[in-house]
Every structure is written in C-alpha cells, then in structure tokens.
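Asks: According to TrEMBL, the protein has these features:
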type	residues	note
DOMAIN	10-352	domain 'Isopropylmalate dehydrogenase-like'
BINDING	ARG103, ARG113, ARG141, ASP227	substrate binding site
SITE	TYR148	site 'Important for catalysis'
SITE	LYS195	site 'Important for catalysis'
BINDING	ASP227, ASP251, ASP255	Mg(2+) binding site
Amino acid sequence: MNLSNTPKTKIALLPGDGIGPEVTEQAIKVMDAVAERFDQHFEYCHADVGAIAIDRHGSPLPEETLEACLNADAVFFGAIGHPKYDNDPSAKVRPEQGLLQLRKSLGLYANIRPVTTYEKLLHLSPLREDRIKGTDMVIFRELTGGIYFGEKNTAEDGQSAYDTCSYQVDEIDRITRLAFEQAMLRRRKVTLVDKANVLETSRLWRRAVQAIAPEYPEVELDFMFVDNAAMQLIQYPSQFDVILTSNMFGDILSDEASVLAGSMGLLPSASVGVHTSMFEPIHGSFPQAAGQDIANPMAAILSAAMLVESLGMTEAAKSIRTTVQYVLEKGIGTPELKPNIVYGCSKIGDLIAHLVADPEEEILVREDKANQQMSTII
Ligand SMILES: NC(=O)C1=CN([C@@H]2O[C@H](COP(=O)(O)OP(=O)(O)OC[C@H]3O[C@@H](n4cnc5c(N)ncnc54)[C@H](O)[C@@H]3O)[C@@H](O)[C@H]2O)C=CC1
Ligand SMILES: CC(C)CC(=O)C(=O)O
Ligand SMILES: [Mg+2]
C-alpha cells in the first residue's frame, strides 16, 4: 500500500520495566495491524522511563522522554518499577517518580479505567458469577493531586514520616465534569467514593461535586465511603456506573475491580487532561513474570484500543475489543486465567493482531462461522 499521502500519527512509546516491554510489544503488533487495515500510518518514538531510564540516563523521566511525549499525538505507556527500589526504602530516586512526574507534566488529571464483565466470560473471575453478572462500570480516578503529590518527608532520625493529602476545588471540578459527561453517555449514575466522615479533603470533594451536580439533572449522584465501596465492589458490583474518586482510592479500588474481570492483565486505562493523552494498562511491572512470556498483554492491547479510539478510529477500537473478547471466549489465554488453551504473551499478541488485521478474519471472529480451533488459524 502506498502510504506516502497518509498523514502520520506520532505515538510516543514508553515500554518501561519488567513486563512493560513485552506487553507493549504486543500492543504495537495490534496497533500496526489496525493501521494497515484502516489506512493509517503510526510513527513510533521509543523513549525510556522508570528504572531503565535511571540506569541509562540517571533520571526516571529524562527530558528527551518528556519532549517525545509532548510532541506526540498519543503516548503508550507499559509499566515501571523494579524490586531493587521496592526493596530499598532509602532509595533517593525511584522509578515511580518517573510516572508521577510524567502524569503531572502532561497534565493528565483523569485516569479512566473501564471494568466490564461479559456474559460468557464470568468464569474468569474467582468471584460468584451471579454476583458479578452485569458489571459495567468506569472508574474516574483523579491522577495529578492528592496524597501521591503532597509534601512528604522522613525525619532525619528515621523515626517519623509524613505524606500530605491536599486538593484544590478546581482539581476536583475538572474531573467531576468529565465523570458526569461520561455518565450522560451511560446509565447516568455517578458514585463519589471518599472518606468524608474523617477526611477534610473528602468533605471538599463532596461540596465541590454537589455544586456541579445540578448542571447534570439527569444524572443520579450518590456517595459512598471508601471502606464500604471496597466491600460493595465485590458484593454487588453491578450497582456502579461511574465511580468518581481521588488518586489513591482510585488506584486501590481499580486493582480490586480487576478481580471482577478476572485478572490485572485485563484492565486498560486512558489518562487524559491538558496535553497529550496517555494509554496505560492498570497493572505494574509484575517483575516475577518479566522475560518469561507469561504476562497477559490484553490490558495493554485494550489500552491500545482506547488509544486508537482517541484518534477517531472507532471501528478499529471496536475490532480490537471484539477480538479480545472472542479469543477469551474460545478459552485461550495466559496462564493466570487458567484457560483451556494456554498461550504466552507473544502468541496472544500474534493471534489478536492476525485477527484484527484482516476484515475476512474479523467476519470469522464476529460470526464464528467456521467454529474452528484458533490453533489452526495461526
Ligand atoms: N503503572 C505502573 O507502572 C505501576 C507500577 N507498579 C510497580 O510495579 C512493581 C510491581 O508492583 P506490584 O504491586 O506487584 O503490582 P503489579 O501490578 O506489577 O502486579 C501485581 C499482581 O498482579 C498480577 N498481574 C499484574 N500484571 C499482570 C499481567 N499483565 N498478567 C497477569 N497477571 C498480572 C500478578 O499476579 C502480580 O503479582 C512495583 O515496582 C510497583 O511500584 C505498580 C503498579 C502500577
Ligand atoms: C506509581 C503508582 C502510583 C502507579 C500505580 O499504581 C497506578 O497508577 O495504578
Ligand atoms: Mg495501581
């Protein structure tokens, strides 16, 4: 195909550490497949972040990485983190600072984490099928404020430390509006999760969200304390439509919510805000699995679906999602899902890329006409 006239979309690729590079590789295969099929041209710019960036450049977020992100149309992020820092509480520079600084510098104030279960895939979750049936929620996690960004310190004698949680009303307002807009396109319910019975910042969230709610009279707003929400999430998850919450609560609750889908390796996310949006699986660098070709790349691949959707490639995004669902319904997956047919990280990427590349294969996916074993296709 002659692509010389096709406008190029610049994607900054930040694979990071641990399983980050291997899941990113699978996401690239799938992005390349949809680019080819839908006549798009993606130009990738690879950049270092996290522990690998500390090793190579002495900083978890080198300037050239931030530059590449600011100059890109979209950023794809794998994962960061390394045990040598996790196991050293005294380390002065940490891989995670790279991710936090990146989110802050790009102004990515909202992290959007969809959590969906499918009728035929309820068995992937260790939870009772009758409880998780109908789960379809999206978590709006505030991403550039709160306790992860507040002033912090450890006393010189090492006997005390503090982290500060603070929020400004405008930081709450902007993500609240996004959450309500999203609710308008869904089941029109927003649940603000907080700890307003104890925390001043949570009471600020309640007041700010209550002040905005009248702008969206069709949207039902309710409130839930985070400890109760942690329980309700697995007890009665279908009650949630849009969950709106602060940085740390959203971080914790979304890992918990991945159990509803069946694995941390299944949940994608989009981080949006002021500058270029960034697409990132919710999981971390899963160092125990690094280099073993066992990590589930679907969270990364579904994050790529969110990325192409953000570029207006709605059909491509749909094709990726349908294909992931189809592969899982065929009983194919990485080991943690305990599937009937175990594939490695790379083979899952090959399979999904192969299926989305070709519209004829997609017809097969959609209609499952031939009903053949996927192993005969690849
Ligand atoms: N966005 C990011 O880059 C994040 C980075 N981290 C960093 O990652 C490192 C490891 O942290 P953990 O707390 O162990 O979190 P993690 O998300 O890396 O792994 C937690 C558990 O989730 C499962 N898991 C995660 N990703 C998976 C995948 N793709 N396929 C199958 N199973 C998967 C595994 O059972 C794993 O033990 C740390 O250095 C941490 O700071 C943690 C969370 C997010
Ligand atoms: C560095 C951490 C805040 C990363 C994380 O756990 C996340 O964003 O989910
Ligand atoms: Mg997390």
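Cβ from N, Cα, C; glycine included.
Remember, it's a predicted structure, so these values are computed and weren't measured experimentally.
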Asks: Which of ARG103, ARG141, LYS195 (the recorded positions) has the most other Cβ atoms within 10 Å?
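Replies: By the 10 Å Cβ neighbour count, ARG141 comes out on top.
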Asks: Which of the recorded positions ARG141, LYS195, ASP251, ASP255 has its Cα nearest to the Cα of TYR148 (site 'Important for catalysis')?
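Replies: Nearest in space to TYR148 (site 'Important for catalysis'), counting only the recorded positions, is ASP251.
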Asks: Among ARG103, ARG113, ARG141, ASP227, recorded substrate binders, what is the largest CA to CA distance in Å?
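Replies: Between the most distant Cα atoms of the substrate site, 27 Å.
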Asks: Looking at Cβ-Cβ distances, which residues of the chain lie under 8 angstroms from ASP255 (Mg(2+) binding site) while being 6 or more apart from it?
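Replies: Listed in sequence order: MET264, ILE282.
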Asks: LYS195 (site 'Important for catalysis'): which of the binding-site residues ARG103, ARG113, ARG141, ASP227, ASP251 have a C-alpha within 10 angstroms of it?
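Replies: So the list is ASP227.
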Asks: Can you tell me which of these binding-site residues sit near ligand 2, meaning the Cβ is under 6 Å from at least one of its atoms: ARG103, ARG113, ASP227, ASP251?
Replies: ASP251
Asks: Rank aside, I only need the closest one: which of the binding-site residues ARG103, ARG113, ARG141, ASP227 has its C-alpha nearest to that of ASP251 (Mg(2+) binding site)?
Replies: ARG141
Asks: Please list residues from the chain of ARG113 (substrate binding site) whose Cβ is under 8 angstroms from its Cβ, counting only those at least six apart in sequence.
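Replies: The list for ARG113 (substrate binding site) reads VAL138, ILE139, ARG141, GLY250, SER254, ALA257, LEU267, PRO268, SER269, ILE282, given in order along the sequence.
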Asks: Under a three-state reading of DSSP, tell me whether TYR148 (site 'Important for catalysis') is helix, strand or coil.
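Replies: The three-state answer is helix.
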Asks: Taking ligand 3 as the reference and 6 angstroms as the Cβ limit (strictly under), which binding-site residues among ARG103, ARG113, ARG141, ASP227 are close?
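Replies: The ones that qualify number zero, so the answer is none.
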Asks: With DSSP assignments reduced to helix, strand and coil, which class does ASP251 (Mg(2+) binding site) get?
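Replies: Its secondary structure by DSSP: helix.
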Asks: Can you tell me whether DSSP puts LYS195 (site 'Important for catalysis') in helix, strand or coil?
Replies: coil
Asks: Tell me, how many other CB atoms lie within 10 A of the CB of TYR148 (site 'Important for catalysis'), whichever protein chain they belong to?
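Replies: There are 20 of them.
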Asks: Would you say which of the binding-site residues ASP227, ASP251 has the most Cβ atoms within 10 Å of its own Cβ?
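Replies: Ranked by Cβ atoms within 10 Å, first place goes to ASP251.
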